Amino acid sequence: MRLDVVSIFPEYLEPLNVSLVGKARSRGVLDVRVHDLRDWTHDRHHTVDDTPYGGGPGMVMKPEPWGEALDHVLASGAPGHERPVLVVPTPSGRPFTQELAVELSAEPWLVFTPARYEGIDRRVIEEYGERLDVREVSIGDYVLAGGEAPVLVMVEAIARLLPGVLGNAASHQDDSFAPGAMADLLEGPVYTKPPEWRGRGIPEVLLSGHHGRIARWRRDQAFARTTGHRPDLIERCDPDALDKYDRAALEELGWYRDADDGHWRRPPGE
Ligand SMILES: C[S@@+](CC[C@H](N)C(=O)[O-])C[C@H]1O[C@@H](n2cnc3c(N)ncnc32)[C@H](O)[C@@H]1O
C-alpha cells in the first residue's frame, strides 16, 4: 500500500519510521511518502495561511499550495493506480471507526491532508472531490491543533490490518470492534504469566485448556465490559446476531429486549 502525507510539519510524521509501521515500511509492505506543503509556496515567507473571508478569529490554509502539492502527488501515481482515496482529517468529518480502517486497508493508495489553523479552504475539497473519493474523517469529538496526530492514529489502525504486518494475522480478528462477532463489542481483560502476581491469581477457566469454555468466558467478559463502558454499542447491535449464550449473558447483567423493536435496553436506572 502506498501512503502520501502532505503537511507543514513533516517531522511530526517521524513516528511512521518506528515500530509496526516502520517495520512494514522496511519490509516493503508500506510505501510512505511525506511531503512538506511549503515546498509548493512561492513567496519568501513560504506562506500557507491567510485571513478568513467573512472575518472571525484564526487563519485558513490557502488553496494554491494544497492544489499544487496534490497535483504533484497525483501525477506520481503508478499506471493503473492514478486515483488515490483522499483522506482529509477534520473534527467535522465522519467518525473514524474500525470498519472504516478495514475499508481503507483494502485501498492501494491513500493520500492524507493534515491541516493546521482553522482548516483548508473548502474549494480544495470540492476540487478534488470531483476526481477522487474524498473522505473527511474525524478521530473523535475533540479539536486538536493539527491533523498530523490523527494521521498517525489512522495509519497505525490501517497498517496493522495489512497482510504480513502483525506477527499473528488472526490477532486483530478478536479485537474490540473487529468486523464480525466483535463488531459492537469491547474486548475483555487479558492475562499472562506468572499465574500469581502480588497475591492476585487469574481466572481458573483460562487454565482449563477447554477452548469452548474459554471462548465463552471471553465473550461473557466482553459483554460485561461493553455494557459498563459503552452501553450504546449494545443498544445499537443487531439483536439477531447474538446467540442464546450471548442473550443469557446480557440478561444476567440486567439487560432486556425492547418489546417494540427487539433491541437490547440497559437496566432501568443505568
Ligand atoms: C484547530 S483544527 C480546526 C478545527 C475547525 N475549525 C473546526 O472547528 O472543525 C486544525 C486541524 O486539525 C485537525 N484536527 C483537529 N481535530 C481533529 C479531529 N478530531 N479529527 C481529525 N482531525 C482533526 C484537522 O486537520 C483540522 O483542520
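Heads up, residue numbers simply count up from 1 along the chain you see.
Yeah, the Cβs are placed from backbone N, Cα and C, and that goes for glycine too.
These figures come from a predicted structure and were not determined experimentally.
The domain 'tRNA methyltransferase TRMD/TRM10-type' feature in TrEMBL is assigned to 1-235. Residues or ranges marked as S-adenosyl-L-methionine binding site in TrEMBL: Ile139, Gly140, Asp141, Tyr142, Val143, Leu144.
Everything TrEMBL records as a feature, shown here on the structure.
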residue: Ile139; record: S-adenosyl-L-methionine binding site; Cβ contacts under 8 Å, 6 or more apart: Pro89, Phe96, Ala149, Pro150, Val153, Met154
residue: Gly140; record: S-adenosyl-L-methionine binding site; Cβ contacts under 8 Å, 6 or more apart: Pro95, Phe96
residue: Asp141; record: S-adenosyl-L-methionine binding site; Cβ contacts under 8 Å, 6 or more apart: Pro91
residue: Tyr142; record: S-adenosyl-L-methionine binding site; Cβ contacts under 8 Å, 6 or more apart: Pro91
residue: Val143; record: S-adenosyl-L-methionine binding site; Cβ contacts under 8 Å, 6 or more apart: Pro91
residue: Leu144; record: S-adenosyl-L-methionine binding site; Cβ contacts under 8 Å, 6 or more apart: Pro91, Pro150
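Taking the centre of the Cβ atoms of Ile139, Gly140, Asp141, Tyr142, Val143, Leu144 as the S-adenosyl-L-methionine site, the nearby residues of that chain (Cβ within 8 Å, site residues left out) are Pro91, Ser138, Pro150.
Highlighted here are the binding-site residues (Ile139, Gly140, Asp141, Val143, Leu144) whose C-beta falls below 6 Å from ligand 1: Ile139, Gly140, Val143, Leu144, in sequence order. Annotation note: Tyr142 (S-adenosyl-L-methionine binding site) sits in a coil segment as assigned by DSSP. Over the domain 'tRNA methyltransferase TRMD/TRM10-type' (1-235) the predicted model carries a mean pLDDT of 96.
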